[in-house]
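Novice: For reference, the structure I am asking about is given below.
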Amino acid sequence: MRKPLLSLLAAAAAAGLAGVADSPARAASMDPFTEQQQTDEALNHAIRLYREGDYAEAEKITRTFLRFNPGSAQAHEVLGAILGRMDRDEEALAEIELSIRMNPAIASAHVNRAVLLVGNGDLDGAREALEAAVELDPKLYGAHARLGRVYEALGRPGDALTHYEIAAQEPAGLEPGIRVNLGALYNARGEFDKTVSLLSLWQRDRDVGVAVHRVLAEAILGQRRYEEAVRQYEFALAIDEKDLQTRLGHGVALRALGVPNQAMEIFEALAEEAPDSPAPIVQIAETQLSLGEADAAGETFLKAISMAASPAPIEARYAAVLLQNGKPEEAVALYNQVIDRDGASSGALAALAGAQRAANRADDARATLDRAVRLFPDDPNNYVRLALFQRDILDLEGALDSAAAGLEKHPDDLTLLRIAATVARDLDRIDTAVKYGERILAQSPDSAQDRFIYATLLDRARMDGPAAELYRDVVEKQRDNWAAMNNLALVLVRLKQEQQALTYARRALQLQPENPAVMHTLGFVLYKVGSLGEAERLLTRSVSMLPEEAEIRYHLGYVMLARSRNAEAKAEFEKALELNPNHEEAPKVRDMLNEL
């Protein structure tokens, strides 16, 4: 297997082989020819020969140099690089590892070791070597790029993304390079704007490879700019009309644009040209779905599954189609089949639980989510899914217990903290909720979303001053956050700041003119400032939209009483007490009814 160019030589040449200074001192009197063989220039000459492809002569010169400088870690690294290009991997690795033992601080030696380990299929060893290299030299951009590729091969796209982003910062020369890999990962994460920003410089550049245009087209397609995506794919095809991935993407873009028949022609042609590939078969199935041919699509998905060496992703898509078409039991059976064949994973168990819920098999779904937590406790998402499921079925105690159990293993997980805080709030365990809120804010102090959550907890705890301060901060950062405005108005009423409350309540209703809860808030604030006519109008409309909401009726009753319409007030109070006799307004209203 031909190795990629080992990294040492460019680095060594650029540095003038300063690393050779680690060789031992020599006698002053020496034969001139011998002196020439051990100078820095001799090693530089070996590097030049290496670059020119004359590996045998490069090896000869380097070995001669090492006879006079056996302690030169740099020379052992050079020899390892040369031997690697000669497919003498075992010798090459021995030389580079000797170099590292002699001087573990040479970052390029770790990179060269990684290259050889990748060639031998030892990805974990390569990862460790590259991690050592970038720790020694954080600006070794090529090593970051290699480490990103290794992480991708290991199925760790998040880590790959981190190192690709560093590699893309290389100041020397603006070429697409690793940005293509980075863009592909952004696309996989749905971060299409980042890919477009990264690659748009080359959008009409015919001198770069087709992959640049294909990845850019995928991002534009992800942004739902279908016509532009089709044009970008066509630009890519003008560079390489035979590229199968680009042709496949072109078909997908045409289908999204609303021309499925033209897309189908492309996929059918690709299926003939690549008869062993399931990819065009999957797209034929997707196109059949877009044409309303669900049964035919199912058969086509099954064909693609039978062709695939690793069918799980296609099976997952087919299961989703089954769910969309009202066949949850078939989806459950398919997910069970995948788990029986490939073994359980967090993702597979989560998908199975979702299908079981769709099939109205809540007990089975609960058992599956419990199994995921038991088998994969190191994945916090398993606790999240279980707690959310329990919250959805109104098992709030169970949801809080599951979130708390998850936080014992993952104390800084924000999603678990948010679930624990909001469920504790809903259980009226306000002190517990506030404590979780404090942890949320410590983890995410600048997040408007988390400041809003914490404000709602303080609000419920009637810690009105801090709650108002946080709500104001959220509104300043998010001018369209009507919920924060609505809540702030209610807190300000309790703080006897009714005029400020009126400002925020009106702004909230401007943003949500048909929301009965916001109408209720403004109506209540208007009552507090004495605008009884407008208050009555809003509260009456709010009651008509939410007739079972007791609090609105309590407040409408106050308005009617203030307008001396006692019979109507009495009717609203009695209905409110019937709906919620334990509301905080209930004792006062009972006293009012006695007086009426």
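Glycine is no exception: its Cβ is also placed from the backbone N, Cα and C atoms.
The signal peptide annotation in TrEMBL covers 1-27. Per TrEMBL, repeat 'TPR' is recorded for 107-140, 210-243, 482-515, 550-583.
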Novice: Could you break down the residues of the repeat 'TPR' (210-243) into DSSP helix, strand and coil, giving a count for each?
Specialist: 27 helix, 0 strand, 7 coil
Novice: Across the whole of the repeat 'TPR' (482-515), what does the mean pLDDT come to? Round it, please.
Specialist: 97
Novice: What are the helix, strand and coil residue counts for the repeat 'TPR' (482-515) according to DSSP?
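Specialist: For the repeat 'TPR' (482-515), the helix, strand and coil counts are 27 helix, 0 strand, 7 coil.
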